[in-house]
């Protein structure tokens with residue numbers, strides 16, 4: 001196994017536009033795999049990454065959504081082999097630690113969330129600049145905006161290759177986060193639960209689709225972009241609120257108007273905007289309401305309205321929608337193949353080559369944009 005020279009998207013400092021340049025990708029070490037990325041996609045978290053989220057470690061190779069094939073495996077890897085189609089992720093699952101066995105969380109203690117170091121689990125990087133040899137941090141330890149990447153084998157999920165690979169890229173973070181939150185976190189009741197989804201991007205549409213699959217009959221979508229109405233309805237949304245069209249009422253007031261003054265059982269906050277968190281919480285029922293936050297932002301803190309909490313509502317943050325990468329993600333792929341999850345192809349609105357990555361960031365601002373597919 002040799003060092004590979006390939007193209008990747010590198011951000012050299014917070015606030016600087018990313019650039020496509022040649023990097024060096026080392027062979028996998030023990031317990032690791034090297035993946036040839038075929039498709040990647042753009043998530044709002046990647047925008048935040050250019051600003052230093054979740055920690056300002058630069059230079060970094062961007063990207064955390066993608067799908068590819070195993071190019072080679074390191075010593076001790078038995079579950080994967082060359083040619084396997086895989087999704088690289090930022091979570092692991094050992095199946096044996098206290099958290100994995102509890103059934104209450106998807107955050108494995110043995111293979112933890114790789115969000116804060118920018119390095120492999122052993123504390124080093126497999127990527128460096130082809131120009132000056134500088135070490136490059138790996139965003140969320142997977143860096144999918146690179147023709148090749150190296151990750152710990154436990155963070156790579158082998159998937160059924162029958163699924164269209166662009167769709168698999170969409171399932172590697174955003175859509176699955178929303179869908180998983182309805183399935184793994186919310187404990188929705190078929191025919192009785194009411195749901196609101198704040199923000200109808202890929203995460204929000206995943207939550208809408210998940211609520212539909214769970215049998216929810218009232219699914220309220222909330223977005224300031226009217227173009228999202230049609231997309232939300234395609235995934236199962238039953239009501240739509242554009243808060244900008246009724247400036248005299250808050251989001252929670254508008255939600256309660258649609259729920260006989262009660263609010264919803266569960267509100268999924270998919271924007272990461274701190275000012276909307278309290279509105280999402282206040283949109284839920286007193287005593288039993290549950291607000292699940294899925295969005296991310298650059299702010300380090302937020303203020304929660306204590307009065308809303310006095311109503312005995314529950315507030316929880318969810319990473320990857322509570323989905324366990326090895327146990328649950330293959331099941332979501334299967335749900336797509338058997339058409340239990342429908343219309344996932346409608347997430348795709350734009351497509352660019354890796355060399356046009358900065359155009360992808362501009363496309364994300366378009367009112368009709370949901371997912372930008374990146375072809376490598």
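Cβ atoms here come from the backbone N, Cα and C positions, even for glycine.
Zn(2+) 2 binds 94, 97, 100 as Swiss-Prot records it, and from the list 72, 108 the residue named for this site is 108. Swiss-Prot lists 43, 45, 173 as binding Zn(2+) 1, and of 64, 239 the one it places in that same site is 64.
Swiss-Prot names 45, 199, 200, 201, 202, 203, 204, 223, 228, 294, 295, 296, 320 for binding NAD(+). Of 365, 371, the residue it gives for the same site is 371. Using CA atoms as reference points, the binding-site residues 45, 173, 204, 320 were checked against residue 108 (Zn(2+) 2 binding site), and the closest is 320. Using the Cβ center of 94, 97, 100, 108 for Zn(2+) 2, the list of other same-chain residues with Cβ within 8 Å runs, in sequence order, 92, 93, 95, 96, 98, 99, 101, 109, 110, 111. Same-chain residues with CB within 8 A of the center of the 43, 45, 64, 173 CB atoms, the Zn(2+) 1 site residues themselves not counted, are 44, 46, 63, 65, 140, 172, 174. The highest number of surrounding Cβ atoms within 10 Å, among the binding-site residues 64, 228, is found at 64.
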